[in-house]
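Pulled from TrEMBL, these are the features on record:
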type: BINDING; residues: C:Met40, C:Ala189; note: substrate binding site
type: BINDING; residues: C:Arg116, C:Ser162; note: ATP binding site
Amino acid sequence: MKNYLTKIKTQNPLIHNITNVVAANFSANGLLAIGASPLMSAAIEEMDEVPRISQALVINIGTLMGKEVAAMVLAGKTANEVGIPVVLDPVGVGATTFRKQTVATLLKEVNFAAIRGNAGEIATIADVHWQAKGVDAGAGDADLAKIAQVVAQKYRCVAMISGATDYLSDGQRQAQIHNGTPLLPKITASGCLLSAICGAFLSVAQPEDYFHAMLEAATTYAIAGELAAQGLNPNQHGQFYIHLLDQLASITPQQILQYKRISL
Amino acid sequence: MKNYLTKIKTQNPLIHNITNVVAANFSANGLLAIGASPLMSAAIEEMDEVPRISQALVINIGTLMGKEVAAMVLAGKTANEVGIPVVLDPVGVGATTFRKQTVATLLKEVNFAAIRGNAGEIATIADVHWQAKGVDAGAGDADLAKIAQVVAQKYRCVAMISGATDYLSDGQRQAQIHNGTPLLPKITASGCLLSAICGAFLSVAQPEDYFHAMLEAATTYAIAGELAAQGLNPNQHGQFYIHLLDQLASITPQQILQYKRISL
Amino acid sequence: MKNYLTKIKTQNPLIHNITNVVAANFSANGLLAIGASPLMSAAIEEMDEVPRISQALVINIGTLMGKEVAAMVLAGKTANEVGIPVVLDPVGVGATTFRKQTVATLLKEVNFAAIRGNAGEIATIADVHWQAKGVDAGAGDADLAKIAQVVAQKYRCVAMISGATDYLSDGQRQAQIHNGTPLLPKITASGCLLSAICGAFLSVAQPEDYFHAMLEAATTYAIAGELAAQGLNPNQHGQFYIHLLDQLASITPQQILQYKRISL
């Protein structure tokens with residue numbers, strides 16, 4: 001752990017999010033909790049400006065409209081130009097032709113520092129058959145570590161597959177994060193918020209450290225989830241939603257070191 | 001009760017929602033809590049695909065934009081083609097000409113399995129004069145059971161009027177649900193979430209059982225509200241918001257049987 | 001205090017909000033909590049109708065899209081025509097050219113009863129140099145009371161700068177509100193909700209009393225925040241979010257009189 005968490009709290013980076021209407025409020029509150037500043041905007045009129053004042057860009061296709069694709073491309077290109085990291089969250093990419101085409105366009109036009117999704121989404125990007133259901137993860141038995149590596153190599157980025165175990169690869173290195181709680185997938189946009197938080201961690205790291213930044217982001221988030229679930233029963237979705245924000249604000253580097261369960 | 005709740009938890013149906021920006025997050029969390037999978041999308045580019053992978057479609061006009069009407073029509077026609085149930089939530093239909101025209105278009109182009117709204121909204125659809133105020137229910141003394149029946153017969157669907165008492169009709173049968181809590185209308189989108197949950201219950205029922213599915217949906221939701229309000233004072237809007245999600249996740253068929261107050 | 005709070009709870013005014021996707025749910029719940037009725041709509045097709053059934057209009061540019069500017073102008077002009085108060089929340093106005101142009105257009109086309117923002121936003125409108133960061137307040141040492149006065153005089157409105165101390169001016173009179181809690185800026189859209197609540201207070205006041213209505217709105221909100229923060233530690237963002245809604249619903253005129261810390 002390189003303690004990017006403390007850097008976020010010190011530097012308070014501005015994270016530009018083009019996200020979906022389901023995740024917008026939760027992602028903004030989660031970014032504030034972790035110590036970053038959220039800026040939500042998908043207006044094409046300002047997509048060549050907002051990335052210039054931001055320290056990272058997070059593109060999430062969860063509830064995109066046709067016109068937003070152009071805004072995403074413009075923001076991504078601007079972010080590439082100024083050199084800030086860009087995260088892609090390909091929500092439900094396997095579900096429709098439109099989403100597949102959108103992600104193909106984004107991957108062609110924009111260089112992503114990281115791509116984060118569930119198994120079905122990342123497998124779709126890797127062109128591996130995976131039984132997905134809508135925007136949910138689906139189930140299957142492919143080699144998730146391998147899929148993450150394929151995507152990382154293909155798009156020269158850090159790829160992360162989120163699930164009960166998180167799989168991380170930068171094409172060479174691999175990591176698995178075993179922290180987490182079954183309550184995380186029970187609240188909507190918990191994956192979207194993780195993508196936003198990945199943006200915050202990348203924003204305070206050097207490009208050669210993006211793998212470690214993503215590793216710390218996922219570990220921090222999963223442990224915050226574990227701490228938030230303490231004392232709750234599996235049906236307390238609402239309470240978990242609130243506790244997760246509390247824990248993202250209070251989690252310390254010491255807790256991360258103490259609770260992390262990572263295999264490399 | 002035909003125990004559709006258990007079927008939802010077992011089958012985990014995918015519910016396609018075209019909904020408003022106020023309700024999007026809450027509806028998604030509520031659907032997850034009840035055991036369904038939410039998919040929020042209003043992108044016209046994928047409206048002939050998303051219903052094909054979904055088990056129900058819920059159309060809510062709460063904060064629609066002009067271009068979304070075409071998306072709603074396309075999604076509705078696709079849903080009709082593949083035979084999944086479609087729910088209409090005509091939010092604030094009496095408030096503006098645009099909403100009236102939108103609902104008229106939807107009712108002409110799409111066959112709805114169910115229409116759910118408050119008294120003012122359903123009365124507008126029934127062409128009964130009703131003193132509405134914006135998107136709220138307003139007040140009056142018309143015969144609500146009769147209004148539900150008129151709408152059910154006119155549009156060959158199950159009509160539900162939500163309020164302190166819920167009125168349900170499929171044109172022949174009538175039911176009134178006396179469960180609920182004054183805290184439900186105190187949180188925004190509580191009606192929108194009920195419409196989404198109606199979609200979940202319909203998705204696991206046969207068309208000839210839609211009346212019972214709607215009856216169980218409304219009863220389940222109202223009892224979850226009662227349980228969520230236990231121990232709260234009438235001003236604890238925030239706590240109720242969270243408790244309602246918890247109760248939707250934990251409510252059991254036994255609780256529904258124990259607490260239901262229905263007159264047929 | 002002229003006890004506008006009680007008037008809101010008695011008259012239950014309908015507040016038309018054109019707001020951003022981050023704030024939509026929270027603002028609606030906050031308006032319900034204070035006793036008003038929210039109506040969220042940015043559909044240009046109904047912008048010449050919704051203000052006619054509303055008692056105030058709140059325009060917030062937080063996540064605007066290009067087409068929404070025309071909707072904002074039309075709604076604003078309609079509101080001016082029927083004489084209801086209009087509030088402007090110029091979110092992040094200093095961040096991009098598009099936002100500056102949008103606010104310039106709005107200020108030219110619409111008469112606002114009140115303009116509320118953070119120091120960076122109001123300073124941008126006053127044409128005072130201010131170091132802003134995205135949609136956040138930034139920091140500086142300009143004379144905030146003077147900036148509020150300049151904006152109030154220039155646009156013949158009540159101007160409010162929100163922060164640890166709130167600065168209020170109608171061009172002649174000045175007030176500072178010292179209530180509040182560091183937790184308020186830790187949750188997203190807390191400023192947006194205050195703007196919506198300003199709309200509710202203005203809606204039950206006469207134009208000559210708008211200064212007092214804004215003073216009471218800001219004081220009520222800040223004290224509700226103080227009460228919501230009681231017993232919480234500075235990291236309990238999630239709990240504060242929920243407690244704030246509870247306190248907005250339960251706060252009494254007696255509490256406002258007891259806790260207010262205002263300098264005139």
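The backbone N, Cα and C atoms fix where each Cβ goes, and this holds for glycine too.
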Report summary line: Taking C:Met40, C:Ser162, C:Ala189 as the binding-site residues, those within reach of chain A by Cβ under 8 Å are C:Ala189
Query raised in the report: Per DSSP, C:Ser162 (ATP binding site) is which: helix, strand or coil?
Result: strand
Report task. In whole Å, note down how far the CA of C:Met40 (substrate binding site) lies from the CA of C:Ser162 (ATP binding site). Result -> 23
Query raised in the report: How many other Cβ atoms sit within 10 Å of the Cβ of C:Met40 (substrate binding site)?
Result: 28
Report summary line: C:Arg116 (ATP binding site) and C:Ala189 (substrate binding site), compared by Cα position, are separated in whole Å by 13
Requested in this report: Under 8 Å, Cβ to Cβ, against chain B: pull out the ones among the binding-site residues C:Arg116, C:Ser162, C:Ala189 that qualify, in sequence order.
Outcome: none
**Report entry** Least surrounded among the binding-site residues, given as C:Arg116, C:Ser162, when other CB atoms within 10 Å are counted
**Finding:** C:Ser162
